[in-house]
Every structure is written in C-alpha cells, then in structure tokens.
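Engineer: For reference, Swiss-Prot lists these features for the protein:
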BINDING   Glu26, Asp69  Mg(2+) 1 binding site
BINDING   Asp69, Asp71  Mg(2+) 2 binding site
DOMAIN    20-100  domain 'Toprim'
Amino acid sequence: MYPENYKRFLELIDKLREFEGALIVEGLRDEVALRNLGVRAEIIRLSRLPLSEVALIASSHKEVMILTDFDKKGEELAKKLLNYLAGYPCSVDIETWKELRKLVRKDIKGVEDLYGLYLRVVSVSDPLLEGIQ
C-alpha cells in the first residue's frame, strides 16, 4: 500500500470498529483479525452456514456489512450475498469492502490479514497520522 493511502486505510479500520450492525465474513480467522482490530459488531461467518441462512440471520439487523476476502472467490461470495440480502429490508454496505479491497489487494488477499497490515501501517505512520487509530 502506498503511504498516501495509510490515512484512509486507518479511517476504514475505525469505521469497522464503530459499525454496530452485522458483519459477514468468510471464516474464523477473519473474525479473529477483526476482534484484534477492536471490532465489536456481531460477526457472522459464512463457513458455518448456507448463504440463505446467513442472509436471514443478518437481515435481523438494520445494517449489514459484507466483508469477504479480497480475491475472486470473495468477490463472488459478496455478489451472491448481495442477491440474497436484496429481499430483506436491511441496509447493506458493500462500499467499505470495495474501498478496502482497492487499497489493500496488492498487499493482502483476505480479511484475516487486515490486522497484520494495520500493525505495519501504524508502525511506519508519520506525524500526519497521529490521532487516527
């Protein structure tokens, strides 16, 4: 990731921390990484349930954020989830995933790697980034 993107990356991490809806991820390691980042929202893992059931559980929240991995498989899962969630009255955030993917996909492949990338960014951050954590 280019240094000029560090600030936006950290802002997106803060957005994840502050999110109060349901976050949909692929697996346990993704959930662990998000918890390490300080995310407190309910996390629903795709590895445990069929997509239709995940969508039903997630739809009980007003807001749902899709946070699949940043590879081709993750992109396909995100599209399928959007289709499943389209029939429910919840608000679905896919834009955060798209922006994160654009920023990090050359550095990492999955959500499970976000915490490690976060630690690297914070360790090399300059004074302009102080206060954003």
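Every residue gets a Cβ built from N, Cα and C, even glycine.
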Engineer: Validating a neighbour-count step here. Other CB atoms within 10 A of the CB of Glu26 (Mg(2+) 1 binding site): how many?
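Structural biologist: By my count, 19.
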Engineer: Within a 10 Å radius around the Cβ, which one of these binding-site residues has the most neighbouring Cβ atoms: Asp69, Asp71?
Structural biologist: Asp69
Engineer: Quick one: Cα separation, Asp71 (Mg(2+) 2 binding site) versus Glu26 (Mg(2+) 1 binding site), in Å?
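Structural biologist: On Cα coordinates alone, these residues lie 12 Å apart.
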Engineer: Can you give the mean pLDDT for the domain 'Toprim' (20-100), rounded to a whole number?
Structural biologist: 93
